[in-house]
Each structure stands twice: as C-alpha cells, then as structure tokens.
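Database features (TrEMBL):
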DOMAIN    4-78  domain 'ACT'
ACT_SITE  TYR106  active site, proton donor
ACT_SITE  LYS161  active site, proton acceptor
BINDING   GLU203, ASP204, ASP229  divalent metal cation binding site
BINDING   ASN355, ASN384  (S)-malate binding site
Amino acid sequence: MHITIRLQFAKHVVSFSDIATAIGQAGGDIVGIDVISSSKTHTVRDITVSVLDSKHADVVVDTLRKTAGVKVIHVSDRTFLMHIGGKIEVKSKIPIKTRDDLARVYTPGVARVCTAIAEDPTKAYSLTIKRNTVAVISDGTAVLGLGDIGPYAAMPVMEGKAMLFKQLAGVDAFPICLDTKDTDEIVQIVKAIAPAFGGINLEDIAAPRCFEIEERLKQELDIPVFHDDQHGTAVVLLAGLLNALKIVDKKIEEIKVVLTGIGAAGIACTKMLLAAGVKNIIGVDRQGAIHRGVQYDNPYWNEYAQLTNPENISGSLSDVIVGADVFIGVSAPGILKVEDVKNMAKDPIVFAMANPVPEIDPELAEPYVRVMATGRSDYPNQINNVLCFPGIFRGALDCRAIEINEEMKLAAAQAIASVVTDEELSETYIIPSVFNNKVAERVREAVMKAAYKTGVARKDDMMFR
Ligand SMILES: NC(=O)C1=CN([C@@H]2O[C@H](COP(=O)(O)OP(=O)(O)OC[C@H]3O[C@@H](n4cnc5c(N)ncnc54)[C@H](O)[C@@H]3O)[C@@H](O)[C@H]2O)C=CC1
Ligand SMILES: CC(=O)C(=O)O
Ligand SMILES: [Mg+2]
C-alpha cells in the first residue's frame, strides 16, 4: 500500500536526504514527493511512500516522528484519499441558465408536471428519476465481514455500491444508511421512501432479520426488492460453480458441498444450489454442522436442517469437510485450515468469499486446490455480487419488473457464466472480470427475457414478446 505523509522539517536541523535515508532504513520506498510550501526556515512536503501494510506504515511514520527537526503533520493512505468528502455526487441533466429555464424546471412550470403525475401515478416513470433509481439500504449490521459497525461506518460501502451501479449499468443508486435495527421501522421507512425509486437493494443487513425485512417489503411494494448479500451472492456463486465444475468434470448432482456461514449469503447460496441440482450440501456455522435432531433458536436453521445434510452428519468443519468436492465460505476469516483442504476429494474447489479477509489465505490453499476463488479484487476469480446487482437491476428497471424472481436470478447466473467461453475457461478464469463490459449487458438481456416469460414485466416491449 501507499501512504502519503505530510511533514514539516526545519531546514537548518535536517535535510531532505536525511529524511529519505530514515524512510529507506525503515524499509519504505519513496514513490512521490510534492513541495507544499517553503520558507527560509521550514519546508512542508507530501511524501508518498510504498509500505507493506498498515503496521509497516506505523514503523515508517514513527521513524520520522523520532527524527530531529521533523514534524509529521498528517498521514493519509491512497484508499482514504479516495474517500475524502464521499465518493458520489448528484448532477443535473440540464443547466438552468435563464429565468425561462427556471420557470420550467421549477415553479410555476413544474406544477403542471406534478398535476399530470397526480392524475396518473404511472407517469412517475416517465417524468421523474424513478425509472432509473435504486435505493441502497443498510442498517450497518453486517457490513462486509466486519459485522455490526453501524450506519455511519456502513456508508463507504454503500457509496461504493452506488458507484458500481452507475459505472457498470448506468443506474442512479442512492446510499441510505438507517439508524435503526428495528424490523418494523425499517420496513416502514423503506415503504415511505419508495416513491422516488424504481428498485430497492437491501445491503449488509444481518440475518435472520434481513429475511423478514425483505419478505415484507416484497409483499408491500410493487417495485423489485432484492437483498444483494443473499441473492446477488447466490447468483454469482452459481455462475462460478457451473464453470468450475466444467474444469474438474464433475456433475452438479453428484458433488458434496460444504458451506460455512449460515446467514444471509449462506442460506440464499444454499437454496440456489439446491435449485440448480446439488443434492449433498452441508451447512456449518459457529456450532458446527447444521443437522436434524437439534432445536435451533434460529428458525431459519431448523428449516435449513430439513433441506440439507442428507446423511444428517454432525461435527466441526474439519469433520464434515472430509471428502467434499466444494467448499464455499461466506462466514469469517481464516476458518478453513490447509489440513481441511488436504482432506477434500480430488480436485478441490474452494470459494473463500468472506470479505475483506477470506476463510483461507489463497496462497496457503493454492498448492492443494484445483480451483480457488475469493470475493476480493486482488486475486484471480473474484466471486462477488458486483457481477450481478448492476445488470440484474438494469434489466428489472428497463422492463419495469414488479419483482426479481427465481427465474430472473437463474437467468442472471447463466448469463454471467456464459461470458467465459469454453476456450477461455481455466483454473484461474472461471468468472468474468468486473471490468468485462459484456457482463451487465448479458445479465440485463437474460433477466428481461425471464421477466417477460414469467409475466412480471410491466413495460410493453415488442423485442421480448
Ligand atoms: N463475495 C461476496 O460477494 C459476498 C461475500 N459476503 C461475505 O460473507 C460473509 C457473511 O456475510 P452475510 O451472510 O451478509 O452475514 P451474516 O451476518 O448474515 O451471516 C454470517 C454468518 O456467518 C457465521 N459465522 C461467523 N463466524 C463463523 C465461524 N467462525 N464459523 C462458522 N460460521 C461463522 C455467523 O454466525 C452467521 O450465521 C461476510 O464476510 C461477507 O463479506 C457476503 C455477501 C457477498
Ligand atoms: C460483497 C458484499 O456485498 C459483502 O461482502 O457484503
Ligand atoms: Mg454486502
């Protein structure tokens, strides 16, 4: 990583070459220098230094703090710099240059437009932003794998999701973090803000509350409501698995899958895999394998036990992973050991998808796996819901779908998988890159086709009839 250190140094006490030497001795590598101000006695400079990690950054900064004549003003890393002031803004489509423009975009002209919508509310789709907007709603209770860090801390992720919606699919998404964990209140708030939006993307709301929130909103709203951590993740996981199974030449009906983290993502991934034909899937949470014969406090786990684990095996992750063809992690960092991978069946497939730190370090797993994937951007095979949510909402908005149903999700998974051709497919390329511009377009088309086929599209479109 790179950090930028703003420091002031007294010219008569220390020279820049002394500072460069100190940084070098602490193991830092200077990659940029900017002079911010200079007087006869002092200079202020921004020095950008390449360091190994945040601990190493502390060592470099401490060294400078201890150097006589040097005052460290502040330290920022490039990631923080990208977040300063937030990452998105609202822009007008048309400038207001004259009084005439003003009278048309605002009062009095706007009143006629308002009246037209009041007379026919469906006109909200043609005369407001509704046809292109998605609310990204979080309560900050399951932010990535960081847990319940609250609504303020959740904002950078939601802003990031909004950026991806826009860049990858042209959707205008609004990050909305709610300072409440009350299910009824969240449902009420989302219902109340729905008029401005064409869709609702629920994000990083912890299980099991997220299931009720989504179900109730789906029933009460006539726009698509989609919990990204459940369905977006499940769609991309299935896409990756379909392609990985081609490499190891195994049939989906015959594989044994072990999945850790029976929360939002885990339950949805399991349901998607069962629908796709997986017969033997065992879910593992903190207490071990979910099995029948136990009354869990979490009602979703009791249902889960009925749907999975055909041999009703109990035990720890290390116990149940023996002989598994596929490991899927949507749980916590570092819980899969190298020994566990060694005990899997031939040609193991390991999808360690916890963010930001996966269930096993890919470098440790690599020698023993046939196909390795993570949720991260800095390793090959990124299985991340970002491959799904922009395109699936683009399709749903464009056909004005009332919901995103199972057929649309399956179509999205197949569309994502299809971007990687048989000639291109390899152990390190089972899933297209986030930057592959075919992904969102292919997902959009497949999703629209499925929406028209299943009768949930409201917009008349001859192409899809
Ligand atoms: N790659 C991707 O696209 C996505 C990755 N994720 C990742 O999956 C993880 C879970 O996310 P959600 O399902 O939204 O959270 P969640 O809070 O709904 O569920 C997490 C589950 O993992 C379980 N868990 C925690 N520590 C565990 C351990 N040591 N062993 C077994 N189970 C454990 C929890 O008890 C809980 O049931 C996070 O790390 C998140 O970043 C989630 C969504 C998408
Ligand atoms: C990718 C994502 O949505 C998550 O880790 O929560
Ligand atoms: Mg998420």
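From the backbone N, Cα and C atoms, a Cβ is placed for every residue, glycine too.
Annotations in TrEMBL come from automatic prediction, not curation.
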(message) Measuring Cβ to any atom of ligand 3 with a strict under-6 Å cutoff, which of the recorded positions TYR106, LYS161, GLU203, ASN355, ASN384 qualify?
(response) GLU203
(request) Kindly state the mean pLDDT of the domain 'ACT' (4-78) in the predicted structure. (result) 94
(request) Pop the Cα-Cα gap between ASN355 ((S)-malate binding site) and GLU203 (divalent metal cation binding site) into the table, whole Å please. (result) 14
(request) Could you check which of the recorded positions (TYR106, LYS161, ASN355, ASN384) sits closest to ASP229 (divalent metal cation binding site), going Cα to Cα? (result) ASN384
(message) Just to verify a number: CA distance, the residue listed as 'active site, proton acceptor' to ASP204 (divalent metal cation binding site), in angstrom, no decimals.
(response) 11
(message) Just to be sure I understand the packing, how many Cβ atoms besides its own are within 10 Å of the Cβ of ASP229 (divalent metal cation binding site)?
(response) 24
(message) Based on a Cβ-to-ligand 2 distance below 6 Å, what subset of the recorded positions TYR106, LYS161, ASP229, ASN384 would you report?
(response) ASP229, ASN384
(request) Run through the Cβ atoms and count how many others sit within 10 Å of the one on ASP204 (divalent metal cation binding site). (result) 28
(request) Compute the centroid of the Cβ atoms of GLU203, ASP204, ASP229, then list the same-chain residues not in that set whose Cβ lies within 8 Å of it, in sequence order, for the divalent metal cation site. (result) SER138, ALA142, VAL143, VAL157, LEU202, ILE205, CYS210, HIS227, ASP228, ALA264
(message) If the criterion is a C-beta within less than 6 angstroms of any ligand 1 atom, which of the recorded positions LYS161, ASP229, ASN384 pass it? List them in sequence order.
(response) ASP229, ASN384
(request) Would you mind ranking the binding-site residues GLU203, ASN384 by how many other Cβ atoms sit within 10 Å of each Cβ and giving me the lowest? (result) ASN384
(message) Among all protein chains shown, how many Cβ atoms are found within 10 Å of the Cβ of LYS161 (active site, proton acceptor), not counting that one?
(response) 24
(message) Let me spell it out: for each of the recorded positions (TYR106, ASN355), count the other Cβ atoms within 10 Å of that residue's Cβ, using every protein chain shown. Which one has the most?
(response) ASN355
(request) Fill in the CA-CA distance, the residue listed as 'active site, proton donor' to ASP204 (divalent metal cation binding site), as an integer in Å. (result) 37
(message) I'm trying to understand the geometry here, so how far is the Cα atom of ASN384 ((S)-malate binding site) from the Cα atom of ASP204 (divalent metal cation binding site), in Å to the nearest whole number?
(response) 14
